[in-house]
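Take a look at the structure set out below.
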Amino acid sequence: MIRGRAPRTRPSPPPPLLPLLSLSLLLLSPTVRGDCGPPPDIPNARPILGRHSKFAEQSKVAYSCNNGFKQVPDKSNIVVCLENGQWSSHETFCEKSCVAPERLSFASLKKEYLNMNFFPVGTIVEYECRPGFRKQPPLPGKATCLEDLVWSPVAQFCKKKSCPNPKDLDNGHINIPTGILFGSEINFSCNPGYRLVGVSSTFCSVTGNTVDWDDEFPVCTEIHCPEPPKINNGIMRGESDSYTYSQVVTYSCDKGFILVGNASIYCTVSKSDVGQWSSPPPRCIEKSKVPTKKPTINVPSTGTPSTPQKPTTESVPNPGDQPTPQKPSTVKVSATQHVPVTKTTVRHPIRTSTDKGEPNTGGDRYIYGHTCLITLTVLHVMLSLIGYLT
């Protein structure tokens with residue numbers, strides 16, 4: 001029996017090589033990428049480059065506006081380096097603009113203008129009164145950006161509100177130096193003999209939608225002195241339940257005693273607003289215990305006598321008479337003792353005659369004259385010598 005041979009199967013042909021080769025070449029070949037050159041010029045702006053001169057793909061460069069220009073809202077200030085080596089498209093984003101509107105002491109911008117930073121020519125902004133101010137209807141609260149990029153002036157269309165008129169301060173005074181409008185300050189003080197309890201000043205400030213004084217007004221309370229001290233051997237007049245400023249009490253002593261010190265003292269106020277008496281109370285001392293002062297006599301060494309002495313008169317003998325010599329008396333005088341100086345008046349006999357030359361028969365006539373004053377200095381020396389010799 002002859003067996004039949006199985007037919008041989010041919011292997012399947014390999015896949016086409018060209019498409020695979022093409023794909024391999026695409027995967028293995030490097031990608032061609034281009035660098036961007038300097039960023040483009042954009043009107044009214046300048047790029048922020050740093051140290052870079054070439055920029056790789058996807059690099060970004062930002063711009064800032066030149067002086068006098070502002071970035072237009074919602075416009076980008078950035079360009080991007082694309083894969084083709086070109087910069088992304090751009091448009092002018094810097095335009096002329098006024099600076100931010102002026103801040104006013106009496107008004108502020110309305111809310112819709114607070115976040116704006118671009119104000120081209122012709123832009124109008126509106127203000128509203130600040131707290132503490134109220135609007136004056138005839139005046140507008142607007143400003144316009146002018147051609148020369150400055151804002152038109154804004155009239156003072158708001159005026160200050162007024163605080164309530166302060167009432168009188170009992171036993172005190174309210175000083176109002178600048179009025180009672182918003183922002184003003186008033187000061188408080190008390191009359192002598194009263195103490196200020198509370199604030200010494202307050203301001204007119206905003207309270208809700210109106211204005212009012214910051215603090216509650218103070219009060220002036222009367223200052224009292226402590227009870228005056230009593231004294232021994234004496235009494236006090238003017239006692240009361242309380243003692244206020246300038247009130248007086250008077251002391252007197254019992255019989256047989258003498259008052260030493262101020263008879264009256266009064267209630268006064270210290271720098272710290274504390275009541276105190278003007279001085280300590282007096283004392284009463286027994287008369288027998290009061291020291292007596294012995295009189296003192298001052299004897300000056302020089303000077304003229306205080307009481308003139310009566311002149312001494314003696315007769316001068318007629319010519320030819322011999323005076324009887326007198327024994328000098330000795331006087332002891334200390335150098336510091338005051339010795340009165342006497343005046344000596346000598347009577348000189350003068351014989352008078354008639355016009356016919358007749359002699360005087362009626363005795364001698366005497367006249368006062370030739371008064372001799374011995375100076376104190378000479379007398380002092382003489383007396384000292386006499387005392388020394390004896």
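We count from 1, first residue shown onward.
Heads up, the Cβ atoms here are built off N, Cα and C, so glycines get one too.
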Candidates Cys145, Cys158, Cys163, Cys253 - disulfide partner of Cys204 as recorded in Swiss-Prot: Cys163
Per Swiss-Prot, cysteine bonded by disulfide to Cys36 (from Cys81, Cys94): Cys81
Tally of residues which DSSP labels helix, strand or coil - the domain 'Sushi 2' (97-160): 3 helix, 20 strand, 41 coil
Asn187 (N-linked glycosylation site) versus Asn262 (N-linked glycosylation site) - Cα distance in angstrom: 39
Neighbouring C-beta atoms (10 Å sphere around the C-beta of Asn262 (N-linked glycosylation site)): 15
Protein Cβ atoms within 10 Å of Asn187 (N-linked glycosylation site), excluding its own: 13
